[in-house]
Amino acid sequence: MATVTYPSSEPTTLDPGNASSTWPLDTTLGNTSAGASLTGLAVSGILISLVYLVVCVVGLLGNSLVIYVVLRHTSSPSVTSVYILNLALADELFMLGLPFLAAQNALSYWPFGSLMCRLVMAVDGINQFTSIFCLTVMSVDRYLAVVHPTRSARWRTAPVARTVSAAVWVASAVVVLPVVVFSGVPRGMSTCHMQWPEPAAAWRTAFIIYTAALGFFGPLLVICLCYLLIVVKVRSTTRRVRAPSCQWVQAPACQRRRRSERRVTRMVVAVVALFVLCWMPFYLLNIVNVVCPLPEEPAFFGLYFLVVALPYANSCANPILYGFLSYRFKQGFRRILLRPSRRIRSQEPGSGPPEKTEEEEDEEEEERREEEERRMQRGQEMNGRLSQIAQAGTSGQQPRPCTGTAKEQQLLPQEATAGDKASTLSHL
């Protein structure tokens, strides 16, 4: 896994039978002792380090914007916003491992010590698994929202999403425990590696299968199943003439809600597809390297670099997807990035707000509808508590004095007094 390896661009004397990790370059690089080759490797190591640093800066800025938008410009975050916040936080922390990787590539050795090696690798592993687990939970949430919108309404709330997100972080920390135990800088070596006990080859193979199953293929199976069921549901719904839960009078509101759900689903699908595109080469190359060891020649350094760089590029590209596919994030980015120019334009004569597209109007309408639903839910909970108070007051045989507040007394049924009864009889 890319989060637990820090390959060097220089040849090493590492014995693959004693210390190995899941990155293919954690083996001896063969007989590449020519001066020209060593010079080329040193230059490529510096260039690769610069690329890593650029990706790190862009990723930190982009994910910081996402976190700021969710926390600052979202008064009542939705379920999807909670999961995106945790995904952005994982991507942000994932970016912090790039400077260490860049330093090892530029210096051709790990200068930070064994303890820092273990810490950095463990943190990267936690954030890698948190990313895929968050995407899996988001896909399950999309399945519930589209296939079971009514039954899942009580569970698809922001507090439940926060609890699930906390469980995701805990599960990721448990999964990477082998990294904490076996990572470090081997004796006589200057690179950060996984140090397996004997038989090292068996341990290494088991770890690759373990990380690939839990960190990619298992979650990918769940994600594909969720979207397969979503496609089946959408196709069956389009064949119906009328939606059973939507009357013709409410058709515009129902259509807006469906369009909003489709946009959210499209954004989640795009994020998942990008994750698969960036991570699948890495896991496939690791599995191929177990079955048939790959050549350890400088000619393959470009392939190895691409395989390790793609996962970091994925964390860097997620904020760009949010900006293109989500109106809420687009508006949040505009407020932050275009705030000075907006003040200047607002002072110009005849300047006005930009025209909104149909999708933007739908999303604003959906936000208002969600806020109204939350207010109605709070009102129903209050009425439920008041009805329980009323039932408790009328359950006893002896009438009890009313001790509720004035607002509660107005909502409780009032019994007619004797004067009211007399006046009613006189009218009869």
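Just so you know, glycine gets a Cβ as well, placed from its N, Cα and C.
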Gly45 vs Cys192, membrane side identical per Swiss-Prot:
yes
Can you look up which of Cys117, Cys278, Cys292 is joined to Cys192 by a disulfide in Swiss-Prot?
Cys117
Using a Cβ cut-off of under 8 Å, list the residues of the same chain at least 6 residues beyond the topological domain 'Cytoplasmic' (141-162) that approach it.
76-83, 226-227, 229-230, 233-234, 245, 261, 264-265, 268
Determine how many residues of the topological domain 'Cytoplasmic' (141-162) DSSP places in helix, in strand and in coil.
12 helix, 0 strand, 10 coil
For the topological domain 'Extracellular' (183-206), DSSP counts of helix, strand and coil?
7 helix, 4 strand, 13 coil
Determine, from DSSP, whether Cys117 (disulfide bond) sits in helix, strand or coil.
helix
Overall pLDDT of the topological domain 'Extracellular' (183-206), taken as the mean:
83
